[in-house]
């Protein structure tokens, strides 16, 4: 029950923030908004404000939308079946204005994450764990490579690392491919190649809930705490957001290239489970979960897939460069292709969720 409640609350928060970004910029640019909906299907409750916007909560809490006057949100074209006041429609605005309206949704998701991370950095400070090995897991890739307690990791794949998080990040970015670690041991410095080992994450009832990989090293538990102000907190929050986005993009590219398994894609059941776990762990963990999910929502919406915000941004850029709208037939084909891609991702994610529930 907590997972279901957590899922509904989490999705509602993220969708509201995302659509509110579209709404705010549309209103700022004097584009009329007809509806602001959380959920799909039959309206459960709603109110119309003095500007004529219908704010409503619908039966199926799996998303939401902002309906802009004279603009069909599913096809991204002017609705010719009804009379419209061209002065306040989406397409009456310049390419830059329309680009701003579309981009505002994903960007406000990023802004939410930065605000949450900033508050954590300002309140708790920055914690760094030096990249010094405290222990090596038996029979792990690290042990086979000859790593020992007390070794300091200087570089991973020729990139300098200043703390253990950097080590984890670089190894994650490289996926299941081998990583080259530069190790400092006493006065000696040498390199080792390590290929991560796949491990199964199991539920206490022995049900598999996912896969990950490790090289088998444990950090020496000597964290360094540093207090930082608001400016430093913002910078750290931005860096954290960029790091998470980079890891996500790398994972997506590896899945496309076939070097990373598709069973890592989680769907609504996974989100519900993680929502419930984070809520049960307290407000701090739940806020961090919201921030992580908000980054992923913003990033995925920016992917150049037709029907997503990113695909529509490509259409606007095409118009800005060529001076003409994309060919309607070509546009419709691309929209249908985009819908198929999204449908396939939904099927894969739900299949993974079901498989992880029973196997």
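Using N, Cα and C of the backbone, Cβ positions are placed for all residues, glycine too.
What Swiss-Prot records for 18, 22 is Zn(2+) binding site. Residues annotated as active site in Swiss-Prot: 19. Positions annotated as transmembrane segment by Swiss-Prot, on the basis of sequence analysis: 101-123, 286-308, 333-352. According to Swiss-Prot, the domain 'PDZ' annotation covers 104-188.
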What is the Cβ neighbour count of residue 19 (active site) at a 10 Å cut-off, with all protein chains included?
21
Non-local residues, at least 6 beyond the ends, that sit with Cβ under 8 Å of the transmembrane segment (286-308):
6, 10, 13-14, 17-18, 74, 103, 105-110, 112-113, 116-117, 120, 241, 244-245, 248-249, 252, 271, 274-275, 278-279, 314-315, 331, 334-335, 337-339, 341-342
Taking the Cβ of residue 18 (Zn(2+) binding site) as the reference point, list residues of the same chain whose Cβ is under 8 angstroms away and which are at least six residues distant in sequence.
64, 105, 106, 108, 109, 297, 298, 301
Across the domain 'PDZ' (104-188), what is the average pLDDT of the model, as a whole number?
91
Note down the number of other Cβ atoms within 10 Å of the Cβ of residue 22 (Zn(2+) binding site), including every protein chain shown.
25
Take the domain 'PDZ' (104-188) and count its residues per DSSP category (helix H/G/I, strand E/B, coil), listing them in that order.
36 helix, 23 strand, 26 coil
